[in-house]
There are 2 protein chains.
Amino acid sequence: MSALNITHDPARRSWIESANAGDTDFPIQNLPFGAFVRDGETRTGVAIGDRVVDLRALHDLALLDGDAATACASACDSTLNALMALDARHVSALRAALSDLLKHDAPARSRLTSSIDAVLPLAADVELTLPCAIGDYTDFLTSLHHTERHGRYKGLADPLPVAFKSLPIAYHGRASSLRVSGGDVRRPYGQFRDADGNVRFGPAPMLDFELELAAVIGRGNALTRPIAIDDARNHVFGYCLLNDWSAKSIQWFEQVLGPFLGKSFHSSVSPWLVTEEALAPFRKAAPSRAAGDPAILPHLRGSHDQQNGGLHLDLYAHLSTAAMRSDRMSAMQITHTHPDNLYWTFAQMIAHHTSNGCNLRTGDLLGSGTISGASDASRACLTELSEAGKKPLALPNGESRIALEDGDEIVLSARASSPGAVSIGFGECRGRIAAALPYPHAGEH
Amino acid sequence: MSALNITHDPARRSWIESANAGDTDFPIQNLPFGAFVRDGETRTGVAIGDRVVDLRALHDLALLDGDAATACASACDSTLNALMALDARHVSALRAALSDLLKHDAPARSRLTSSIDAVLPLAADVELTLPCAIGDYTDFLTSLHHTERHGRYKGLADPLPVAFKSLPIAYHGRASSLRVSGGDVRRPYGQFRDADGNVRFGPAPMLDFELELAAVIGRGNALTRPIAIDDARNHVFGYCLLNDWSAKSIQWFEQVLGPFLGKSFHSSVSPWLVTEEALAPFRKAAPSRAAGDPAILPHLRGSHDQQNGGLHLDLYAHLSTAAMRSDRMSAMQITHTHPDNLYWTFAQMIAHHTSNGCNLRTGDLLGSGTISGASDASRACLTELSEAGKKPLALPNGESRIALEDGDEIVLSARASSPGAVSIGFGECRGRIAAALPYPHAGEH
């Protein structure tokens, strides 16, 4: 696991002024990895302030050597997968080299400023895209409060599933419909019961967002070879935000073997992978368990994970409606939560996921599940914010919501803060609900 | 949809004598596509009798032109994905050209025989591998009898889920652990309840097989653009067998949001993709529904699909144990079933899967679910064959089974037959249970 190193030095500032602003998500201490389209070509990059290091252009300058050069060469591709599959020391070396090139007194600064738009384009001038090819997407259910509330809404006598405290519950999600932050989220069609209890097919009436944190796998494991709990975080390349858009009306009707079409129409991820190393200053102990909770089974109990599996991270969801934007109103913060609301750590999710020998591959995405806490402010989806529709969420302009309407936009964000460290952010995960299209083949039969 | 054409001509025979044997799965009328490893390189090929056409070697002979040449060029790769993404006419042209090259009086025969081991190696001399890169794997639950029996085993008052007759129920499976037929299936570890009801972690005691048919997607669809029911089969490249190995003890404990570690340790597929075109002579009407069943909603009701969505196909499972093999006993046929036991057609599965706008990609795998019928012979997993353990399956050597033991081998096979057509087969889907490895990190904590 990465110890603190020069890339975390809070005194370090960048010659890129936007990276020194107190509210930037991307100070020189962050250096998250992503991918972007430029002149029709997909390239990989690193965020710094309001700019993006184009790793292919940097590679062509031949400023790097050793492990950093190896890492940069492997990033000369349309995805980060080759870089992510490398041993962590390569990525660490590349981040250290980037930090040295971007610090305010960098000797090589003039080599970069002389071709700044080629090597460090403005983020606003490129189109961010998915950072890596995602083979499998797994979504967990690890918030006790989210799970209990939904159990209550369903009227279950015991709202928490029996297995919840024995293992991190999960299901396989749909990889093909993962999309990077931004753009439209098209309202899906589906089968659901109408108010009279009849089965209908049409645009889904009850759309929701779900605020999640996700880990992206770096080095994978071979089939039949589980990953040990205290080795698990060495298999994480980085983290991003995930909005697991849900069509509740479809889900309620279809769900026998887990979520399917109620989720697979679109899932949004934030474009930047914040590395394990960048998060090192924000680590803390894993959340403690309640007295009387069952003992953690040995393969899910790691001493390093217990001491270090938590994160000082604030997570937010903001909502704006078409009417609010038309009135130039700011988006309303509707959720403020943090990873302490997860009953299981990402290391435990990985150890469990591979405990049967299942292989994780570079680029696989593991969602935490909706990160709802006990407080009202920390409810991380509209279903909970509206108490399953019983208490519509009031908006500042007099509108209210029990579900997302066409034109509603959700923006997820996150910020890691800890005394003595420079705060870093995740960038945003944004999506706006677009009206259902006419069903393409209606009336043809 | 492909009409009958020259490749189906029952009078056509091949100069490769093994392709003319009555019991071969791969007569000249079949020509299924796959991939294989040869001298460390993965290539694509077509099965004919006991040989495999090496499509790269064939391409190098420059015997093809037009669409067939285009198709063959796109098959010069380590997977079939590029070929599968082409319009169906290209694949059709390649099959027709192959049929002409391999027929008994082919003018080009000497060009092939003079380099037979380069262009047409024996299947026994190459290692078959997964035919394509599989992005997403979806598993359906479409056998009414399988579903009802499992509902009864669980003691449900209404053993059939409410949605079963409204839509083809499905869940996302794990793509990373799909493996081609053959070799070991390692017994997984997992959490389950022991006889005293305590939660344990250890090698899973209750392993099962599940006999399924799977469709593999050729051309995909764009996100937000559903596929119409009567266009659905144009998006299928071909079919293979699927053994959805299941660790029932893990599944019973973990399952809240569908199957997860109880399935993701290994799933086996047969190596050859039998094309839609090759199956054309074996098409028949979709299975009829019982009086009183709900009407099929318009987006799942296609006139072509109703007339043509069924298949004359016999599906088999054979079991041999270590003791049986050591006594040189033949494997025992334990299941004989057919696709009429599916309540939904593959076209309906595809139309449903994409009805919410979810995009299918080339190479995606759609499993039918366990194809059990009403008869005892057609029970397509050990759980049903043993009536959930109440009636152990008796084997010819005095052994019995309620679950698979280490050393047990399952072989799935399938054969399409229809009057006036030459029967074709699917090749086999084989796997043998291997004892659990010592848990790699036990005692380290």
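Keep in mind that glycine also has a Cβ here, set from the backbone N, Cα and C atoms.
Unlike curated records, TrEMBL annotations are generated automatically.
Worth saying up front: this structure is predicted, and the values here are computed from it rather than measured.
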Site co-member for Ca(2+) according to TrEMBL, given A:Asp139, A:Glu210, A:Glu212, out of A:Asp117, A:Asp184, A:Asp244: A:Asp244
Rounded inter-Cα distance in Å - A:Asp244 (Ca(2+) binding site), A:Thr370 (substrate binding site): 8
DSSP-derived class (H/G/I helix, E/B strand, else coil) of A:Lys263 (Mg(2+) binding site): coil
From binding-site residues A:Asp139, A:Glu210, A:Gln251, A:Thr370, the one whose Cα lies nearest A:His146 (active site, proton acceptor): A:Thr370
Average pLDDT across the domain 'Fumarylacetoacetase N-terminal' (A:29-131), rounded to a whole number: 96
Nearest of the binding-site residues (A:Gln251, A:Lys263, A:Ser267, A:Thr370) to A:Glu210 (Ca(2+) binding site) - Cα to Cα: A:Thr370
Of the binding-site residues listed as A:Asp139, A:Lys263, A:Ser267, the one whose CA lies nearest the CA of A:Gln251 (substrate binding site): A:Lys263
Same-chain residues at least 6 apart in sequence whose Cβ lies under 8 Å from A:Thr370 (substrate binding site): A:Ser143, A:His146, A:Glu210, A:Leu211, A:Glu212, A:Asp244, A:Ala380, A:Cys381, A:Glu384
Cα distance (Å, whole number) from A:Asp139 (Ca(2+) binding site) to A:Lys263 (Mg(2+) binding site): 11
Euclidean distance between Cα atoms of A:Asp139 (Ca(2+) binding site) and A:Ser267 (Mg(2+) binding site), Å: 11
Residue with minimal Cβ packing [other Cβ atoms within 10 Å] among the binding-site residues A:Asp139, A:Glu212, A:Asp244: A:Asp244
